[in-house]
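Each remark here refers to the structure printed beneath this line.
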Amino acid sequence: MTLKNDRFLRALRRQPVDRTPVWLMRQAGRYLPEYRATRKQAGSFLAMAKNPELACEVTLQPLRRFPLDAAILFSDILTVPDAMGLGLYFVEGEGPKFRHPVRSADDIARLAVPDMETELRYVTDAVRTIRRELDGSVPLIGFSGSPWTLACYMVEGGGSKDFAKVKSLALNDPAAMHRLLGVVTDAVIAYLSAQRAAGAQALQVFDTWGGVLSPRMYREFSLRYLQRIARELERGDGDQRTPLILFGKGNAAYLGELADSGAEAVGADWLVELGDAARAVGGRVAVQGNLDPVTLYASPDAIRDEVGRALDSWRDGNGGSREGHVFNLGHGMSPDMDPEHVAVLVDAVHTLSAR
Ligand code: CP3
């Protein structure tokens, strides 16, 4: 099927585009009143994510409001450990938790790659439903957490401030940590493959917590597994190839190594100047990012100025060309952001980048 708007995929292939494409991490979420209404109807976030029709509805909500250039599957990275038997639940105001966190070598030995056809069927069903409803308007992004980031939640049992449990495991028993990361990596590859087979047209890995590691530990416990995913994930050839985006918070020092991983794009947070990111990847991959999400709290004029600066920075670092850039935030949106400001941002990207 030919896409009506393929700017996002063209930018990921570093082909010329009429305007810089834009989508926003967490573009579906609590900042939209229609999202809150659907969530209420579903009863909970998880009930909504596990219902393909409702997951499709909330995926499409931001696209009805804003001319975004891509849709992202509405789901969560923690569906994978949930399917591995850890028992995901959410406590209002406290975020995600697991009933059965991974604490010992025995816990790790019991883990297995979940069956995508049964345990995670609701995700691939959602992908198929969304593709049908999008009807070729914009591409659909599928996603997974990175092995390290999933391991953080699996070992900590939820969010963490210092990641003491998961880092202690890596330091005290690196062999056990590598067994855990190995099985999670197998699961991530199977999960992304299943989303691609169901119709996802680009795939993003969220390495949200890679940046909490020292460089030595980042390379050993996070980067190595991102490289394995980029190498082993089957994704076709040429213009039919499904691009893989490796997003990481705090990954500025590793952009060059990530560009050599075999992935098609890297996502950057706002602590790196976009022009420097362009120079670090040197045209080998596309770059996605990287406006500070807090910019959305600023005035419309300030938002436009920041978008203009980011676009110019990319062009300056990329030899005068706008190619190879997907506009995004450096991390996800927050529930108290103003939808009107999102409209300003999206319009600014399209207007200021138009040739
Ligand atoms: O970008 C999108 O619109 C797609 C949907 C998406 C969600 N989570 C929906 C969601 C994506 C891509 C994610 C990824 C995710 N989930 C990550 C990696 C990206 C990142 O933000 O760093 C992480 C670390 C998680 C784990 C997780 N799930 C957290 C920390 C939370 C927030 C808990 C809270 O109360 O704020 C969730 C729940 C979640 N996932 C929500 C949404 C919209 C909020 C749920 C609600 O409606 O209450």
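Every residue, even glycine, has its Cβ placed from backbone N, Cα and C.
All TrEMBL annotations are machine predictions without curation.
What TrEMBL says about this protein:
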DOMAIN    21-30  domain 'Uroporphyrinogen decarboxylase (URO-D)'
BINDING   Arg26, Gln27, Ala28, Gly29, Arg30, Asp76, Tyr153, Thr208, His331  substrate binding site
SITE      Asp76  site 'Transition state stabilizer'
DOMAIN    141-157  domain 'Uroporphyrinogen decarboxylase (URO-D)'
Please give me the CB contact count at 10 A for Asp76 (site 'Transition state stabilizer'), counting all chains in the structure.
17
For the domain 'Uroporphyrinogen decarboxylase (URO-D)' (141-157), how many residues does DSSP put in helix, in strand and in coil?
10 helix, 5 strand, 2 coil
Restricting attention to the domain 'Uroporphyrinogen decarboxylase (URO-D)' (141-157), give the mean pLDDT.
98
List, in sequence order, the same-chain residues at least six positions removed whose CB sits under 8 Å from that of His331 (substrate binding site)?
Met25, Thr208, Lys249, Asp269, Trp270, Pro293
Whole-number Å value for how far Arg26 (substrate binding site) lies from Asp76 (site 'Transition state stabilizer') (Cα to Cα):
10
Helix, strand, coil residue numbers for the domain 'Uroporphyrinogen decarboxylase (URO-D)' (21-30) per DSSP?
0 helix, 1 strand, 9 coil
Across the listed substrate-binding residues, Arg26, Gln27, Ala28, Gly29, Arg30, Asp76, Tyr153, Thr208, His331, what is the farthest Cα to Cα distance, given in whole Å?
23
